[in-house]
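Noted in TrEMBL for the protein shown:
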{"type": "BINDING", "residues": "SER126, GLU190, HIS218", "note": "Mg(2+) binding site"}
{"type": "BINDING", "residues": "ARG334, ASP348", "note": "ATP binding site"}
Amino acid sequence: MFSQLPVRILRHERPSWKIPVTFVLAKRWKSVITTRTYDGAITLLNTLQTPHSILQARREAGIRIDSSDNDKLRVCLQKIGYTQSDLQKLNIIHISGTKGKGTTSSYVSSLLTHHSPPLKIGLFTSPHLLSVRERIRLNGLPLPAPLFTTYFFHIWDTLPSHLRPGYFRFLTLLSYHVFLSENVDAAVYEVGMGGEYDGTNIVERPAVSGVSSLGIDHVFTLGNTIEEIAWHKGGIFKAGVPAFSVPQPAGAMRVLEERAAERKVASFEVVDVDRRLDSVKVTPDAPFQRQNASLALALTDTVLLILDPSYTPSKTMLTPSLRAGIENMVFRGRFERIERAGVTWYLDGAHTKESICVAVGWFGGAVRNSKATRILVFNQQGDREAVELLEALYTNTQNERNLEFDHVIFCPTKTRSVQSAKKDFINNAHDATAITALTLQKQFVSKWREMAGEKPVIKVLANVDEAFEYIDTLAGTSEGEVQVFVTGSIHLVGTALSVLEGVDAL
């Protein structure tokens, strides 16, 4: 009987008793009712998101993250019972960058997971496609919901409410708890944003650090120049720890070298395309992906020298297990091709000008010699940056010979039914009023007409379900192949995959 009683947790108080089933979290004027299930954990986690109005106010006031945010996170780490010595046991591979950091992280995880003898590997990435538990992986697989739930509530209960950090930093703490509890041999950490002040950067001594290709992104937080951005990305370098980078623009490389010297790293090496990949299948088979795989191999070699005393890196070829790690790496929602009922779907999340250039090049190369009906589905909720991304998308289609779209669809990243939508998809950082009013999507229409003229049929639709129903109608009346390019927001790609596949996690 007592197990059914609600517990009311106010914003700055904790109950003096523990009842294992139901909680009521009072937040301002409304309560969030949840249970100790995975769904209940995500409901509570979402209360740690910063609302759009507050983010906007901070931006207008010029307030940016700084070292104090990680100082608070270190206090939280101690509160949940861990020290820097504990984190050092994780043999962390720490990866920052603008383009390719997620891919590189997934390659390292796959390489280490495939290594023989077997290893247990953690992987922490962001954002997620369908499920929050995709961000915390064991041997490449999303953390099972029961485990996520158990570990989540341990952290939630241990931290006083006034100390709980924001959404991303809470998940970072949770990942440390999971990986230490699960006794992983190594853990791969993809930086969320920047590096210097990123929540993953509280670790004082990772096993190795790496920087993927740099470009311009998150300019409000990181700066307007490649040099300013490189300063943040190089902030993950640590004293006595080896550091690697792919080739960078001259200004960025100069800053990374300065940061490496300032931090007194053990060594700093620029990684060119690894000759051991010459006969290895890399998907997509493009220079940028071989560069990502090469950085991953350099990081993996470094960690395996720590984990496996018998390991000796070859300069000419990969072991069968490492080759399998490259060829079998799966990174959903990036350069993904799905064939279904007469429609070929090409999905790639791309949120910077550089990444949209790569995405368009990949799609253009795949469809160049076909005469199919081509459909673009695009969204990015980012005000001015979103319109600039759309401009970059169109400009790059013009650089791809004969790449034109017959239909262009702009829709917000949501499904039709709010009630049935997964709580994992909730993102309070976006302006809900603007999403409902399709404000940004209408701007996209004006911009596309300005650039492309009257040729394509343009639709603004209220959600991804309506967009896909429209595509189904087109496919049903088309005499030939239909090709759909879904790009822009990674959340759009995730929602698209949820509609296409109907799975809980990827």
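Including glycine, each Cβ sits where the backbone N, Cα and C put it.
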* Structure fact -> Fewest C-beta neighbours within 10 angstroms among the binding-site residues HIS218, ARG334 belongs to HIS218
* Close in space, distant in sequence - ASP348 (ATP binding site), Cβ under 8 Å, 6 or more apart -> GLY333, ARG334, PHE335, GLU336, ALA359, TRP362, PHE363, VAL486, THR487, VAL493
* Additional residues surrounding Mg(2+), by Cβ distance to the SER126, GLU190, HIS218 centre under 8 Å -> LYS101, GLY102, THR125, PRO127, VAL191, GLY192, MET193, ASP198
* In sequence order, what residues of the same chain, 6+ apart, have a Cβ less than 8 Å from the Cβ of GLU190 (Mg(2+) binding site)? -> ILE95, LYS101, GLY102, SER105, PHE124, THR125, SER126, THR200
* **Cβ atoms near SER126 (Mg(2+) binding site) (within 10 Å, other residues, all chains)** => 19
